[in-house]
Structure formats: C-alpha cells, structure tokens
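Engineer: Annotations for this protein, taken from TrEMBL, read as follows:
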TRANSMEM  A:17-35  transmembrane segment
TRANSMEM  A:42-64  transmembrane segment
TRANSMEM  A:95-114  transmembrane segment
TRANSMEM  A:190-216  transmembrane segment
TRANSMEM  A:237-258  transmembrane segment
TRANSMEM  A:270-298  transmembrane segment
TRANSMEM  A:310-328  transmembrane segment
C-alpha cells in the first residue's frame, strides 16, 4: 500500500509538470494552430527566472577582511548582499531565502513579454505555412534560447533551493493512517502539485468565466465567425500566447528546487509533453491536463522495481506505448476534437 | 578522339576499387614515407585537446581546456612555469618540446563517443597532431583511445574513471593519469567502515554505462569485503533527470546506505533528490541512513550545494593539498583564471607535461619512443606525491583522496574537505586482477 501511494504521489508530481507544459502547448495550438517546439525552452527560461532572481538578490558589496585569506593567500574579499544591507540581516536573508516563490512575481511579466515578442516577432509569419515549417522554426528558436542560457549561466546545473521552511519531508503515511516513516514525501514536491492545480484552475477559470476567455474559446472553435463580428481575435490570441508562455514559465520557476536548472531541461520535457498533448487530444485543454497526470502516474508505476523485473525497460517506453495504443484506437486522442489528427 | 568502352563487369570492378580507396581513412594512406605519423617538419609541434565544450559536462571540459592552455604557455616559457619547476624530471626548460614551439588545436567531444572520434580524426588528419588528450567520460575515452591506437597517435586520457580504460579496453598508445573505480573503492571502504561500522545494508543506484558498471562492481566488492550486505543494484538510464521513482523504493528496502554510482548532472540530481526525500534524516535498522558518492568532483559538489554536506566520496586530487606541485599549479591557475582548478584540470595539465617530458627524455616525437619513456616512469611534483606510470597497463598509481562534503564551507570553492589521503600501496592491484581482465595492451603503433 505504501509503495503504491508513494508512486501515485510521484506520478502526480511528474504529471504536474507534464500537464502545465502540455496545457500551454494546447493553448497555442488551439488558438493559433502553431506547433510550438520552443515551449520546453520557455519552461527552462522560467526556471532560469528563479536562478536570475536568486542571483540578483545576492548581488553584494565587497569588503576586504585582512584577517582572513582567500585560496591564493591574498586578503579575503567578503561579500555582503545589498538586500541584507538595506533590510537588515534577518529580513534580508529571508528575502533571499524566499527567492523561488518571489520569482513567480518576477517571471510572470517576463514570460508574458517573451511570449508576446516571440509571437509578434517570429511565429506570426508562419501561421499560413505548413506545420513542418513551424516545427523547424520553433525548434531552431528553442536551440537559440538554450544556447543563450548556456552562454550566460554555464552548462552545469545551478542549485536553486526552496525556502528553508519547505526543506525536508512530510510523513505523509501518518496522515492517511499508515505506519510512521512508511511514506515520506518532500514538502516542495507536494507544493509543486498544489501550485500546478491552482494554475490549471486559474487558466480554466479565466477561459470559462471571463468575457475575454469566452471570446478566445469562441475563436478557438470558429476563428472566422468571431472575426466577422468585429472582434480583433488576433490580438487576443497573441495575448493567449503570452499566457501560455507564462504557464510554462511558472511551471519552470517552481520546478527549480526539484531539479537544479540546467540549459537542456526544456528539451528533456518537450517530447514527453507533446506525447501528452497528442494522447489528451490536440486542442483539448482538459485532455492535456488529464493525460499529463495519467501518463505521469503510469510512468511512475512502470519505474517500480517489481514492474521492471517483469518487463525490463518498461519505464522508458510506457508513455510511448500508451500513446501508440490510444492513437491506434482513437486517432483524435482521449478528448480531441473531431477532425484534428484523424482522417 | 578518345573512346570509352564500359562493360558492366569493368564498371563494377572500377567502382569497387574506387569505393575501397575512398573508404580507407587517409590516416592509413598518407604516411608511407614518414618514420611515424605526423612527424613534425617545421619549428612547431601540434597537440590536440579534445574536450566536451558543449553538453552536460561542458563546464568540466572548459576547465580542462584552461589547464591545457596553461600547460602550453608553460611549455613555451610563458607565465610563471607552474609545475614545471616542481616536476621531479627536470627535462623541460620552457623552450617548447625538443626545441619546437608547442601549438594546439581544440575539439568538442560533446560527451558523445561518435562526435569525439570524428573530432579526434579531424585533428589527426587535418591538423597533424602528435598527441590527443582530454575527455570527461569513460565512454568517450575508450572510443578515442581506440582510434589513436589505430592511427598511431599517443592518447593521454583526461578524466576517465572506468576500470575498462586501462582494463579490458587498454591500448599500448593510451595512458591514464587519473585514478579508477577500483582505486576509489579501495580507498573509500576502510573510511566507510570506520565511520559507519561493518554491519550495513547498501542499495546501489548505478549509471547504465561502462563507468557506472565498473564503479558499482568495485564498490560492491569493497563494501562486501568489510562486511556490508548488498540489498539491490538498480541501473538508471543516463538521460534520467528525475530520480524520485528510483529513490522511493530505497525507503522501504531495508537498506541503511544508498550508494550513488552517478556522475555529473546525474549525481547532482540523484543526491539532491535523495536528501529531499528525507533519506539523510531517516533511521533504519537502528542506524542513521547514509548516502555515499564514490566519485566526487568539485564542480559536481558545487552543483549539489547543501546536499553534499557530510557525504563521503573519493577524488583524484584536490586544490587544497599542500605539496609544492599543487601549490604552484593553484597559484598559476588561480592567478590566470580567478578560481581554483578542478581535478579534471589538474589531470589534463599533468598529462600534457608528462607527454612533453617523455618526448624530451626519449629525444623523439615517435609515439613508440614516447610510450617507452612513459612505461614504468616514476615521478613526483605534479600534485599527488610519488607516482608510477605502470608499464603493464599504462595506469598511474598514486595516493587517492577520500573527501567529505564540508559542513561549514567558507566560500563556493570550499565544498569538499580531505578526510584521508589513502597511500598508493592501499589502492594498487595486480595487472591481471579480474576487474581489469580481458583485452590486450598490444603493441605500440607509430602510424608508420
């Protein structure tokens, strides 16, 4: 029971990242009809927003301590963050400690801007081009973003810790009536799952309950008709591209303490997220979310030693296996619209 | 007017001959009249530094490249001379090698064997290099070493830790200064016994390639020899970034030690995630749960941040050593680049000097002369105390550092502290040890 519970938690956690990235991908495909291979890079840029804020908050004044030596035997340069100088040691160090959650506020405008510039500056020129061209150009863009990040931050992973209050693990087993220590789960991974649930709910609420969202949904269903009503649907879709970029970015920001950000983390998630979108159904937002969590949990169970001892390597192929089965039996995916991805 | 008469048979024969000619690597066709491949005729000699400049080990590769550049400067009499003055062999005078100025070319291995071989082949054929050095992956080292053997070029391996490099895949033209997985295990096991006792149950997570396999095999043998029981060994694909699914089963396995046979980004992620899952806060079998990382590097320790505190591992060299060679190298490297060198940098710098010194002692750039000069060569002053380049397998034997993540680091370069310098005698093994069995050193190839 405890082994199953912990794999469900792991699956929800992986599924959170898949679902958030797939949600953004689906938003872009559903509104603009663009297959955005740069979406994983936006996830990576989000994680580096957390790194950047952490570094900005650690910008320091330098003083020389003659009593200590550096590695070359020269007087030691002591660095004190300006934040601590301005707000005092306690408040200043708390601000630095909370750099990841604070990076959410930092990342939203940046990701909206990146999304806007990407769409207006490049992607809009490819709306009427074949999907193959869109894939090529967005994949190229992903590599450019990746190389820029590598040039700026190096190739090694950069530790970006969660606030001290969330370091450590919760005895989850006790909460559900199991023995103490049977299911231990890191606080931050639980927070990541809750955070993704909130973001998903916010996106759905925005589309469901705001006039803006309703127009966007109408545009997704029938762009021409909405346009004929005198509504500038293109402008709204551009904004939705920004929202999709922000969702990917937020997924990256909060993921930073789970896996230290590195320049290729976007590529690690991109292919899997596309599989999630296809399984969920191209263009279906609920499909992307459900498939994300479903495949996350399946992948997690497939990685159990007991399962791998029966079918070696199943953890590496389970997602693709499920995708093949679903696409063979239901070409439009679990919740895809009729006519998309099927004859 | 010429006439051409084609028959089908003639065309096939001609095509086959042309194809065979084109398929034959030029390194096997362009050397007929030379005493050895790429024999230098001008006033320079070119060395090839093949390091990962892109990919997950790029930081390590770039540090290696810095060290190579520094070594070339010192060989040419520029800079402060670094370890040339502390090197026990006093053949190098800062006048190049054998009177020729040292030039170099660099290539990008991308930490991929095929890319590394292509880069090395280009250096040999187009740039005329006489020696190739570099690395940061045992898979790459084995592949490039094999190419150098075929071509007739000396390979001075950089960072490669798999037993296979000087075990079943050893080659007469290949030489390794870096230590190996067996040595790590031999140095670590006694320290682990002293700190954690002889009654432990250990669970291995292992990177699924040559280095991971030999690392795990070595650690299992060494820890079982001190009384530890091996509970499980789970292979993890190199592309894994989220290890949560692998760590979760450890919690209920009955193990009280987790051995992470991972390197680079894999280790950074698996270690930090193990700590996140509360493994280090757990008590199992009445003992504190412990994590061990058999192979550490400074760059990895920096990447793992807080998670390395208190975790034991081994290291080929540390910039905090206090011998004269280390002090000279750290001063030289630190002054030029502003931070201390990594163990990858040190081993690459040492390999370059060792090659140059061997050429000077042999009085030739002929790879077979250099190989002869390196075989059985004993030296000191390059950072690890007295060292032997064993003739049987071209493996260096020297003291091994056992290190531990520092609890209170004073700066970002201070993540690891040396807890023991394991004497060379304790990590030595017979050339025909079962973990190094198979394969033949073969004969030196000069490419002539």
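Just so it is clear, glycine is given a Cβ too, placed from its N, Cα and C backbone atoms.
Not measured: the values here are computed from a predicted model.
Describe the structural surroundings of these features, if you would.
Structural biologist: Away from its own ends, the transmembrane segment (A:17-35) comes close to residues 42-43, 119, 123, 126-127, 131, 134-135, 138, 192, 196, 199-200, 203, 216, 219-220, 237, 240-241, 243-245, 247-248, 250-251, 255, 269-270, 272-274, 276-277, 280, 282-285, 287-289, 291-293, 295-296 of its chain (Cβ-Cβ under 8 Å, at least six residues beyond either end).
Taking Cβ pairs closer than 8 Å, the transmembrane segment (A:190-216) reaches residues 9, 12-13, 16-17, 19-20, 23, 27, 31, 162, 166, 170, 172, 226, 231, 233, 236-237, 240, 243, 247, 250-251, 254-255, 258, 285-286, 289 in its own chain, all 6 or more past its ends.
Same-chain neighbours of the transmembrane segment (A:237-258): 13, 16-17, 20-21, 23-25, 27-28, 31-32, 36, 39-40, 42-51, 100, 103-104, 107-108, 110-116, 118-120, 123-124, 160-162, 166, 188-189, 191-192, 195-196, 199, 203, 206, 216, 219, 265-266, counting only residues six or more beyond its ends whose CB sits under 8 Å from a CB of the stretch.
For the transmembrane segment (A:270-298), the list of distant contacts is 7-8, 10-23, 25-27, 29-30, 37, 39-41, 142, 200, 203-204, 207, 220, 318-320, 322-323, 326-327, 332-337, 340-341: same-chain residues at least six beyond its ends, Cβ to Cβ under 8 Å.
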